[in-house]
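Before any comments, here is the structure.
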Amino acid sequence: MCGGQRPLFLLPLLAVCLGAKGRNQEERLLGDLMQGYNPHLRPAEHDSDVVNVSLKLTLTNLISLNEREEALTTNVWIEMQWCDYRLRWDPRDYGGLWVLRVPSTMVWRPDIVLENNVDGVFEVALYCNVLVSPDGCVYWLPPAIFRSSCPVSVTFFPFDWQNCSLIFQSQTYSTNEINLQLSQEDGQTIEWIFIDPEAFTENGEWAIRHRPAKMLLDEAAPAEEAGHQKVVFYLLIQRKPLFYVINIIAPCVLISSVAILIYFLPAKAGGQKCTVAINVLLAQTVFLFLVAKKVPETSQAVPLISKYLTFLLVVTILIVVNAVVVLNVSLRSPHTHSMARGVRKVFLRLLPQLLRMHVRPLAPVAVQDAHPRLQNGSSSGWPITAGEEVALCLPRSELLFRQRQRNGLVRAALEKLEKGPESGQSPEWCGSLKQAAPAIQACVEACNLIARARHQQTHFDSGNKEWFLVGRVLDRVCFLAMLSLFVCGTAGIFLMAHYNRVPALPFPGDPRSYLPSSD
């Protein structure tokens, strides 16, 4: 029984020995490869040899785009491949070892950096191990968080799209020493930024529309000298404007609509109109400051939303001016201003008909007040006679004789009384009339004074009503003008964003889409 259990005790020992043998093979291979190896020398067997370096960029997260600093922050993986003849081995000599993991600081690496960084960080975030195959090819996949410069065009903000790029090049090697190229898979060149759907995190503000990649040669290098190659990865991103529509544009439109509604207040309520309009003006100024903190401080272009807010400010200021002008016109009187015939014709006849406003023609106050009584009968309910109609329609001073004849008749009567009684008149009657003549003349003069005051008051009231009606018509004209300006301006400004679309192809004139066939 004991003899049968010995093989079972030997199995763990055998496994440990085999593992130690495997580790020894990897350690021996690493020692052999690193013997006499200089990581600072370019892996070229001859001076004229060019080392091919393949690049591939995998995007895992588009973190943010800071418009004020014009900086794009991305989380990427940089895949680099090259061949080093000093790292070759025969797998049969090392127990069938096909992959060797080596610290990246122990081998030569191409000094490829992000040229257009904005924070001074040119290198990757983590120097992870490299994978070396028996033929000497090295595979390196370091992660990095880059902050690259991205010129921001704010012309159509927040309905804009931006063209950002990540430019990689060798810091010291020229094209005669290193040949940068895009990686290939299945015989196809990867001319795009690779995105793994399972590892990629969608950005809440930006949507990626195009992600091509291109090889460029430094045009600034002299013709007799070797230039530097650049691998440029482009990101054409479009902003998702829902946040700005809900938090800025919609409140501005609603607040400006309140400024339009002040025209429904009476024409004489100019103080209340100005108060509402100025409050709207202050609210729009706050929104303008919020937008100014978001966009970059540049004078090359004015953001679309800033144009709209400025337009709303102008409309609101015009509304305040209209309210002041209408109030000034409505409070005019015949004592301060005389109405021209053209003004009366345009604002009291033509415009009310065009605007379908019910403006009743003005009539004298006494006659206008008497019409209801003529229609409804006397206060006692009896029918009105012709004499009562005259008494109701005319002033009391006109019942005796007309205004222009009154003074002449009184003067003629006094002259006859002074000459003496005529035939058929008794001296007593003439004497009593002569004694009462001064009182009658005083009564007539009092009636004349009352008639003149009544006429002046009627003229004054009629003039006030005319100016008030002119103010009403002017207020209605300003309302229609401001409403048309507000609607047309809002539609015109935001229709400009409709034509600002991301191009269907990343490069004008190039029919290629720079995307894998599956996309």
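Positions of Cβ are set from backbone N, Cα and C atoms, glycine also.
Over in Swiss-Prot, the protein carries these features:
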type: TOPO_DOM; residues: 23-240; note: topological domain 'Extracellular'
type: CARBOHYD; residues: Asn52; note: N-linked glycosylation site
type: DISULFID; residues: Cys150-Cys164; note: disulfide bond
type: CARBOHYD; residues: Asn163; note: N-linked glycosylation site
type: TRANSMEM; residues: 241-265; note: transmembrane segment
type: TRANSMEM; residues: 274-292; note: transmembrane segment
type: TRANSMEM; residues: 308-329; note: transmembrane segment
type: TOPO_DOM; residues: 330-476; note: topological domain 'Cytoplasmic'
type: TRANSMEM; residues: 477-497; note: transmembrane segment
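Here the features listed in Swiss-Prot are painted onto the structure.
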residue: Asn52; record: N-linked glycosylation site; contacts (Cβ under 8 Å, 6+ apart): Trp82, Cys83, Asn179, Gln181
residue: Cys150; record: disulfide bond; contacts (Cβ under 8 Å, 6+ apart): Leu65, Glu70, Ala71, Leu72, Gln162, Cys164, Ser165
residue: Asn163; record: N-linked glycosylation site; contacts (Cβ under 8 Å, 6+ apart): Tyr234, Leu235, Leu236
(message) Below 8 angstroms Cβ to Cβ, which residues of this chain, lying six or more residues outside the transmembrane segment (274-292), approach it?
(response) 248, 251-252, 255-256, 258-259, 262, 303, 305-306, 309-310, 312-313, 316-317, 319-320, 323-324
(request) Please give the sequence-distant neighbours of the transmembrane segment (477-497): residues at least 6 beyond its ends with Cβ less than 8 Å from one of its Cβ atoms. (result) 156, 159, 253, 256, 260, 263, 304, 307-308, 311, 315, 318-319, 322, 325-326, 351, 355
